[in-house]
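Visitor: Sharing the record's features from TrEMBL:
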- 1-360: domain 'FMN hydroxy acid dehydrogenase' (DOMAIN)
- TYR25, ARG165, HIS255: glyoxylate binding site (BINDING)
- 78-80, SER107, GLN128, TYR130, THR156, LYS231, SER253, ARG258, 286-290, 309-310: FMN binding site (BINDING)
- HIS255: active site, proton acceptor (ACT_SITE)
Amino acid sequence: MGEVTNVTEYQAIAKEKLPKMVYDYYASGAEDQWTLAENQNAFSRILFRPRILIDVSKIDMTTTILGFKISMPIMIAPTAMQKMAHPEGEYATARAASAANTIMTLSSWATSSVEEVASTGPGIRFFQLYVYKDRKVVEQLVRRAEKAGFKAIALTVDTPRLGRRESDIKNRFTLPPNLTLKNFEGLDLGKMDEANDSGLASYVAGQIDRTLSWKDVKWLQTITSMPILVKGVLTAEDARIAVQSGAAGIIVSNHGARQLDYVPSTIMALEEVVKGAQGRVPVFLDGGVRRGTDVFKALALGASGIFIGRPVVFSLAAEGEAGVRKVLQMLRDEFELTMALSGCRSLSEITRNHISTEWDAPKALPSARL
């Protein structure tokens, strides 16, 4: 294996290293997987309008997210069951995020508990929440996360049922016997039964609350002082309601194209959601980011930051903590270079005028002299 020079190269390495059931679980999308491809492809239809002859000897990528200062607008999305990728799982991811001075989001379905992740040392961490039918379980979990020093809740709202992931059905996906969903271990909800199809789909059908609605976003605010990010918004209408419901932020996400196929890529849905939020809360993008150029495009379209998911589990499978550190470093370096070559010295200088998209009105150019 030659030196890894970009984020995408980790996927092939992970495919070689991981058992088929595990790799397929991480890699696959819903049904035809159209949105899965589109999440990445859509970025390629956005072009740059770089500005030249600007002193770019100093580039500042720092930003503040919900009051927390981080080194760059690149953060870690929640991905389930990371110990399937590497024995250190979420511990390694937490240490890599902390070393890069950025935010990690821990999945509800992590193979390490909120307390275990907190024990890795200091760091700004968010907790992704699935709402179980048993609300006592939810309250307990939220309180544990808060006590463990987590700073925000990322409430996943696009999963009243699990999307149809055909490779998981073919593989009869289930959590390997040596692992548990650590946050639920003491509640007898940590194990996943074998099923005729996807064990995870059966688990979700049995445990996750399909009645979840906007009133539950309000309810969550009564049980925690942590800010709530609504993760899984794809329309301006829902962005407006999220703001009205007291959300502290919005994550534009299609769940890594794993839920409803033929929804737009997140980069294509982003601008509509940003307009719907009307600047009242920050909007983040999750899905399809594989290059520093992608990060810049998301910020130019109004995102306050982005989250990466699959690159984390693939690099974790390939090289453990060092792999995740490298992914964060490569994206950081590429993003810094994109800023410099676009003529932007700070995030506030990245504007909509730095990109052009297919749906832009033709720019009025100075008319040529005959």
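One is the number of the first residue shown, and numbering goes on along the chain from there.
Positions of Cβ are set from backbone N, Cα and C atoms, glycine also.
Describe the structural surroundings of these features, if you would.
Guide: Around the Cβ of HIS255 (glyoxylate binding site), the same chain contributes THR156, ASP158, THR159, GLY163, GLY232, each under 8 angstroms and 6 or more positions distant in sequence.
The number of other Cβ atoms within 10 Å of the Cβ belonging to GLY309 (FMN binding site), over all protein chains shown, comes to 23.
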Visitor: So how far apart do the glyoxylate binders TYR25, ARG165, HIS255 get, largest Cα to Cα in Å?
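Guide: Taking every pair of listed residues, the largest Cα separation comes to 13 Å.
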Visitor: Would you mind reading off the Cα separation of PRO78 (FMN binding site) from TYR25 (glyoxylate binding site), to the nearest angstrom?
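Guide: With the alpha carbons as reference points, the distance is 15 Å.
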Visitor: What does the structure give for the C-alpha distance between SER107 (FMN binding site) and TYR25 (glyoxylate binding site)? Integer Å is fine.
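Guide: With distance taken Cα to Cα, TYR25 (glyoxylate binding site) is 15 Å from SER107 (FMN binding site).
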